[in-house]
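Have a look at the structure below, then the notes.
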Amino acid sequence: MAKASNFLQSTLLPSSSPLRNLRSQPLPLSFPPLPSSRHRPITIHCSVSAGETTKRSLEEAPDISWGCEIDSVENATSLQRWLSDSGLPPQKMAIDKVDIGERGLVASQSLRKGEKLLFVPPSLVISADSVTSNFENKVMTFIITVLLALLAFILVITLFFVLVAHSLQSFCNVIRTRTELDMYLEASQIRERAIERITNVVGTYEDLRSRIFSKHPNLFPKEVFNDETFKWSFGILFSRLVRLPSMDGRFALVPWADMLNHNCEVETYLDYDKSSKGVVFTADRPYQPGEQVFISYGNKSNGELLLSYGFVPREGTNPSDSVELAMSLRKNDTCYKEKLDALKKHGLSTPQCFPVRITGWPLELMAYAYLVVSPPDMSNSFEEMAKAASNKSSTNKDLKYPEIEEEALQFILDSCETSISKYSRFLKESGSMDLDITSPKQLNRKAFLKQLAVDLSTSERRILYRAQYILRRRLRDIRSGELKALRLFSGIRNFFKQ
């Protein structure tokens, strides 16, 4: 648990912050001012963006007392008004309902390619630095634990961004149990990353609960400080964090920019502009009034977009899409221990996942396959293969072992076809998933999750089918060349016999 807490702490708190060395005792907290509409408790009803897929709504979510109805136009207007009052300059975009993403920013006037937009001032940006500075300036006789500072950071995010009413939400936010995770991500390797993320969040909550919440129930009532709201808060966090390259890659939350949806064909990103002293992006194409304006959330695969943002782009529209292919050493290999030791030395394991794209696979995957199929008499090369598989080798980028190339390609093909069979089985069985449940809201949620899982599985299987085709063709060429060489050798031998 502490390990999970340390992981999240190191990710979100600045390395220079004294809060890293603090321990538990209460501290006065200061939160950013909120719009007046936020001062009354309202139940939240979240919907989830399907990104570039057909719009699908999620009608059930945890009840959060500080939430709001995200489809409310009044809340969107209130947000715009509050941001303007808080220092956001006049905008050339406005919040509106859209076809892709349910709600987004649309051009309110003609926008030119190359034009800088947004200009969100630093005073509205929430980062670990901006939050912890408030804490550090108000330390009196008590000092707060690092984890409580982290929690306060998360709660600031929650309080601040629920009003933003964006439809994006982390996939981990709508998955309720491990059983559901196993059900919907059964075929995809992204399941392992989802498990790791949920485990980290749950571990952090349990650490906080045992060390702080349970000891101060009056300060941390279970109605608010429970595992469901904690996971929900982290889902909000993961789906809205922005990396700003010009600020040393620092992560931050940027209101208003949070309303921009992702498009795989767009190549513009949010960043801090030192000249204007605000967070901006540069339009990479012209927009007409009423047209939705997009940014890129990064070169992420469909699985990564689903995990962090809760949507899957339409099949074939994401040039950065990839699928994780798991490869393992053979347990009956007489050199299993030696090969495993070589892998561990370079930070690898068995099984090990490698990204496969529609255009092919990385050299590291081929090096791993060479290691798997290499015979005992090639033991002197185990170290070289493992190093190349870890991407730590600078001299063996074109690592080749012609004598075992066919066997290595066949091993990759077998791994692909094993994975393809899992996807095909899941897609076949998904038509008969048990969706016979009494609650209409629960039915909508189940149908939503099922559709996302089907979309992801379809796109990942498509990549594997392409890899399968390439591998079969290469193996055919190798075997055809070997057959020609054999026939040539046989012809020469017969000629000399005569």
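In case you wondered, yes, glycine gets a Cβ from its N, Cα and C as well.
Please treat TrEMBL annotations as automatic predictions, because they have not gone through curation.
Here TrEMBL flags Arg240, Asp258, Tyr272, Tyr297, Tyr309 as substrate binding site. Taking Cβ-Cβ distances under 8 Å and a sequence separation of 6 or more, the neighbours of Tyr297 (substrate binding site) in its chain are His262, Leu305, Ser308, Tyr309.
What TrEMBL records for Arg240, Asn261, His262 is S-adenosyl-L-methionine binding site.
If you take every residue in the domain 'SET' (91-298) and average the pLDDT, you get 80. Per TrEMBL, domain 'SET' is recorded for 91-298.
Here TrEMBL flags 142-168 as transmembrane segment.
Its Cβ placed at the centre, Asp258 (substrate binding site) has 20 other Cβ atoms within 10 Å. Distance noted between the C-alpha atoms of Asn261 (S-adenosyl-L-methionine binding site) and Tyr272 (substrate binding site) is 19 Å. Taking every pair among Arg240, Asn261, His262, the residues listed as contacting S-adenosyl-L-methionine, the largest Cα to Cα separation comes to 12 Å.
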